[in-house]
Amino acid sequence: MVKICCIGAGYVGGPTMAVIALKCPSVEVAVVDISVPRINAWNSDQLPIYEPGLDDVVKQCRGKNLFFSTDVEKHVREADIVFVSVNTPTKTRGLGAGKAADLTYWESAARMIADVSVSDKIVVEKSTVPVKTAEAIEKILTHNSKGIKFQILSNPEFLAEGTAIEDLFKPDRVLIGGRETTEGFAAVKALKDVYSQWVPEERILTTNLWSAELSKLAANAFLAQRISSVNAMSALCEATGANVSEVSYAVGKDSRIGPKFLNSSVGFGGSCFQKDILNLVYICECNGLPEVAEYWKQVIKINDYQKTRFVNRIVSSMFNTVSNKRIAVLGFAFKKDTGDTRETPAIDVCKGLLGDKARISIYDPQVTEEQIQRDLTMNKFDWDHPLHLQPMSPTTVKQVSVAWDAYAATKDAHGICILTEWDEFKKLDYERIFENMQKPAFVFDGRNVVDAEKLRKIGFIVYSIGKPLDQWLKDMPALA
């Protein structure tokens, strides 16, 4: 029986290993983590992450060929294949601060693998890592190997939160990169044999190590670039009276471009896009490619500009001040169908409004009050460290309250900001909401989910990103 161990029970490790266990009943899968609360959650009825379909998969396999444990060394020692899915945060100090990936957790995982191994192993990079990480890990393993042979593979994940289980069941591609040696090819084949139990052969791509590592960063950079491109257009649409939805629909009809990732919004979020582009920028700079680095930096600059523009629009529309005004924020997760708040645009929008002394009432169907308060008090990039290494008991932001539903959040509010495209926000009784708000009542739709004309008929002043502006908004232009 092939034994697989995955170090790291987070958003990548947990779902990926659960699906491998489900699809490969003859493989024993152990997911290990040093966080006791996290492993306890994986062993309970309340999993530590929300992902549609994940519950069912875990319940079918847990205790049969899927195990969650804090006994890291035991399971690593016994495994044939070790996946490493640990945090790779952006460095906040020292060389490459603000751009380079911090490989502290990766390095300590590699040293531990070398330390406890008593048999040959295949070590698989699952976390997103900078190009050439495999080389560094290889050196650590071989210099500490005590005669044991290790093969390093890169097997980047291409999951989208909210559809991760579906993505794992029917992936566009599975990418495996390895050394172009006899041992390297054998290791690639061993991992390919696992995936080929449910993934069609033609969807499993094999490359050299560096191509696999770079492909992940490139894929995320391309996706983020599309979002920034349409968001840049949204600003121009507002200035000219064009409608960004019509423009992106027309553009997406070109088969060379296609319709995906062309929805204008308040900005992209999530754990990967910004981090991976910053990483790409740093790698370009290190390799003497400043023009390439500058090109990719613009993707993040436009994303930051979009969030700032949104906040400025809110403040300028409301008589140039939101001081002591109640603003309802609907949605805090970075996108619908996930409870993940990492790099969510809602953080920057809320901080911008708090900077102007607004009082904020937040509702999100999947994000806890504790998480919201933590996000609003944490320093940039702190979120990407394991929970026990994040700042403890953050101070709460007094001007922020968290409501149990959208109606409670919007009661007595001067304005509403829609920051996550949860389906339920399309179906709310906006007449009831209007009755209970201060007048004039504003809706700032950062996801283009509501029917703006319908809301205007009720009496709202509506701002939708990239759409023709209300007369009210034209009379009160947002200052850059």
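Cβ atoms here come from the backbone N, Cα and C positions, even for glycine.
What TrEMBL says about a protein is an automatic prediction, not a curated fact.
Database features (TrEMBL):
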BINDING   8-13, D33, R38, 86-90, 127-128, E161, 272-275, R342  NAD(+) binding site
ACT_SITE  C272  active site, nucleophile
DOMAIN    328-452  domain 'UDP-glucose/GDP-mannose dehydrogenase C-terminal'
Integer Å value for the Cα distance linking G8 (NAD(+) binding site) with the residue listed as 'active site, nucleophile' is 17
As a whole number of Å, the Cα atom of T90 (NAD(+) binding site) is distant from the Cα atom of C272 (active site, nucleophile) by 11
Quick note, E161 (NAD(+) binding site): same-chain residues at least 6 apart with CB under 8 Å of its CB -> Y11, E51, G270, F334, K335, D337, T338, D340
Within 10 Å, the Cβ with the most other Cβ atoms among the binding-site residues N87, T90, Q274 is that of Q274
